[in-house]
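What follows is a short report on a single structure.
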There are 2 protein chains.
Amino acid sequence: MLSDVEICRNTTLTSISAIAKQAGLLEAEFETQGSHKAKVSLNCLKRLAPNQTGKLVVVTAITPTPLGEGKTVTTIGLAQGLAKLNQSVTACIRQPSMGSVFGVKGGAAGGGYSQVAPMEELNLHLTGDIHAVTAAHNLAAAAIDARIYHEQRLGYDDFEARSGLKALNIDPNRVVWKRVMDHNDRALRMVTVGKNEPGKTINGYEREGGFDISAASELMAILALASDLRDLRQRIGRIVLAYSHAGEPITTEDLQVAGAMAVSMKAAIEPTLMQTLEGVPTLIHAGPFANIAHGNSSIIADNIALKLGDYTVTEGGFGSDMGFEKACNIKAQASGKAPDCAVIVATLRGLKANSTHYNFLPGQPLPESLFVDDHEALVAEFENLKWHINNVNQYGVPAVVAINRFPQDSDAELATLKAMIEALPNQVQVAVSEGFAHGGEGTRELAKKVMAQCAAPSTFRPLYSADQCLEEKLMAVAEVGYGAGSVTLSDVAKQQLQQFKQQGLDDLAVCLAKTPLSISTDGTIKGAPQGFDVPIRELKLCAGAGFVYALCGNVMTMPGLPEKPAFMKLDLDDEGNIVGLS
Amino acid sequence: MLSDVEICRNTTLTSISAIAKQAGLLEAEFETQGSHKAKVSLNCLKRLAPNQTGKLVVVTAITPTPLGEGKTVTTIGLAQGLAKLNQSVTACIRQPSMGSVFGVKGGAAGGGYSQVAPMEELNLHLTGDIHAVTAAHNLAAAAIDARIYHEQRLGYDDFEARSGLKALNIDPNRVVWKRVMDHNDRALRMVTVGKNEPGKTINGYEREGGFDISAASELMAILALASDLRDLRQRIGRIVLAYSHAGEPITTEDLQVAGAMAVSMKAAIEPTLMQTLEGVPTLIHAGPFANIAHGNSSIIADNIALKLGDYTVTEGGFGSDMGFEKACNIKAQASGKAPDCAVIVATLRGLKANSTHYNFLPGQPLPESLFVDDHEALVAEFENLKWHINNVNQYGVPAVVAINRFPQDSDAELATLKAMIEALPNQVQVAVSEGFAHGGEGTRELAKKVMAQCAAPSTFRPLYSADQCLEEKLMAVAEVGYGAGSVTLSDVAKQQLQQFKQQGLDDLAVCLAKTPLSISTDGTIKGAPQGFDVPIRELKLCAGAGFVYALCGNVMTMPGLPEKPAFMKLDLDDEGNIVGLS
């Protein structure tokens, strides 16, 4: 079989104008960016408002291996399969992080015959939305340190007299806004900023800081959750950056930087329209990392797609404990639109690899033994798949398991897995998905089962309601969502919870960051663990995004590069084409 | 008079496709990015090669005040003036830095009726070239720290066995590649990276690092100096990032990151086509900051423009000691095309403000007294203008002084200044330029004088030739270029010079970074100082760009935000339009 990039280059793509018009957009409602990308204006939402709202399908997965189980392949494949069945359909996915593209995972455009094209444009820069988030985020960070510096340098009275601004008296030890970068750069997790040559102060006030990956920026969550540009601007204005020496929160409005941040993100609020290899319109918006971030495609992109056609296929990152949980408890609550069906992606190699019968390392070739029939390994990890089916069902969302077929998969094992799923008591459906090898033709069965499940009446129920207190919400996600036996808050987290309660913030949602490699907070525990503890070490207020962010276990919000990073394969050939991207 | 952004919004722009075709590009040679921007493919250069090469006009200035003297206004105004005289003309300018847009200076699109439009797109993100430079630069930085971490963590032997890569044995104290960010963020000038919680090492190896502004990245200079994508890729591969414990240089090829860096910059190598308010095609390429960087528009953009029409108008940042010096000694040497004429922008307020008769602070309103006739102040600083005229002439480039008129300027003072210039013994020409108030109509006289000067035969002579040693080149720029009496190398700089000589790098050019606010390295010394010392504190090897970079005096390569930054004025109005940008 050809490589992803070869398949992509061998496909004749439709002009993006034609794709936009086929999707139902008017000429004035999009602006092309080259031949294959277009920014979609939010003006279309007003015109489309009277249209019926389509069905929302969320693609999720079993607990994944570090290489991923092909969720994007399945999302794109399913959208193409629905199109083969003459349904009007739009896919909505997140913009890949260059951190991942250059790091471990490589590109995130799907693969084989189920790709968003051109994959090199999707995977690199795209239309600059992540860069805009990064720029806006770091502007606020520069503004904080500059303000601390000038107020300290001049003294509060002189500062006020000279600048005509009110001194904010920011406590340098209580700056809660880090900087961000869209790279996997572990050396930036903890940094000392504002250092000076001995005896000098021109570089500002020395303090401890750090960088997160850009996808973990509160601004990325705001982009994903905002309903329009005005809402974006208002949410940005609610961001708390630091606290004063008197303990008062310092917002972006206090620093007069909220407007400029919104200006930097003005173009980013428009989703980017692309197409799949079979010409299905695909909206790209907001950022990845459903482990350490909100990690779902945007409400704005969904809202456009839901009005353009019968089906909107989107994905929530990682397993159903991660992106799907956030899709239900944060996104659906904000948008008012619940998922009509969940597709749970499972793979033979993922189940077997997670069974602990194999040694499976990212960046290394898969062990050959993984492709030999191994009923025992499959059964060992089947509990994990069952857990995800039950998890989806507890939200009242009907499920279809998509077994994402890899070329080396054996028919016998596929049949075994299918039979095991069909024997379950749930109303779960199952289909082998061959989107990778055959595109939409390979997902017809999956598409039919998704359509059938979407026809069922919705009984959606999130895990918590806004009027519960923050502690109850954290417990709900950990104990009901993950199946934990207990939640242990660190002393710091307890204090923060108390503080947020006093600030009257109990109506916010909660966004938990944890490893995606286990349902628990310990990445080495596979299967369907029960009764484990969820240690919450720290909370962060994201008042603009509308949630309190909880760091669980030893999760880190800035990944690192592995020993042999994906970037080593990348280069330009003699014709200037990109090689080594997958 | 209307504000810049109002003038821009009130102007009906031509579609960028029409501009591109008028300029002489074929449909296949550009890709539109929305209605008003297009990326120009380098393929056009081959087709256009047989065309005659046009005249290259470089706009420079007197020693500027921190607000700038209107060099971009004059560049755009002059291009429009040449078009009024039915000349085929393209302007080539640099992409503005968001650091400046949000910091002190504001936008860099020109102003009044001589602007590149839409100014908000030019000033914010544009087509993402600076972001691509930033991303490529920081990828290499992440790669260095990751490699140090993994080699230290595993030990060299285990590292080699596990990864199949050769251990590089990088000396953490000799990493010469900093990180970059396109913000004015002084707190990042000196940072400690790789910090860990006590007893842990998961964030890597602690070492001292720092950030420059993105425009100062060697990659930006490479973008400006490369002849094509292949040259870009090769130059990137020559970058020295660090030295090993054995003292061997570690390049991007050693880290296998050069290919990925070029991939990240693949789109950035194409200049962005925009238009002036009067529809003159304008190519935007590479980055600003001619004080701390190479700071000229790219050779690629110039090469396209020179083949498209009779006149190419471009600018070199700051005074003629800064961008123009680099245009002659670095850029023209690399491109083989010398400037045919230099335009020296002077303003009454700039000359008077620099005379030290006034107290002039960036971010503060201009003192009223500046607009009262003050012959004495004008005469006091006239020496500075004379210096720049002589400086341009010593390169064998004919000059035209453009007195950039501001609304408050008095006719009497303008006449005085003009007469003083006309009385000079040089072959200098002078014209009052009213591009700001009247667009191309206001620069007809200037355009005519530029055309006349361009007709003179070229006697171009740079200050040094490649075969001189690095020390002689530094002396040439300092003593002949600036008129210094001496050059003092720090001990560090002396060692570095010795080292570069041993490495066989004497054939490189030199790029001096110093304050733009004085011809000397002390920003408080105005006029035309003589006999001063140029202290060089540090040298940096930019083997990919092809020069050794010298830090003079106390110049800093990361600016800081002022007490009341420009971003405070920026916001979105109720219709979502950007307000406060100028």
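Backbone N, Cα and C define each Cβ position, glycine as well.
The ATP binding site annotation in TrEMBL covers B:T65, B:P66, B:L67, B:G68, B:E69, B:G70, B:K71, B:T72.
Features recorded in TrEMBL, as mapped to the structure shown.
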{"residue": "B:T65", "record": "ATP binding site", "CB count, 10 Å": "20"}
{"residue": "B:P66", "record": "ATP binding site", "CB count, 10 Å": "15"}
{"residue": "B:L67", "record": "ATP binding site", "CB count, 10 Å": "18"}
{"residue": "B:G68", "record": "ATP binding site", "CB count, 10 Å": "24"}
{"residue": "B:E69", "record": "ATP binding site", "CB count, 10 Å": "27"}
{"residue": "B:G70", "record": "ATP binding site", "CB count, 10 Å": "29"}
{"residue": "B:K71", "record": "ATP binding site", "CB count, 10 Å": "27"}
{"residue": "B:T72", "record": "ATP binding site", "CB count, 10 Å": "26"}
(message) Other residues near the ATP site, CB within 8 A of the CB centroid of B:T65, B:P66, B:L67, B:G68, B:E69, B:G70, B:K71, B:T72?
(response) B:A61, B:P64, B:K105, B:V345, B:T347, B:G350
(request) Give the helix, strand or coil assignment DSSP yields for B:T65 (ATP binding site). (result) coil
(message) On the three-state reduction of DSSP, what should I expect for B:G70 (ATP binding site)?
(response) coil
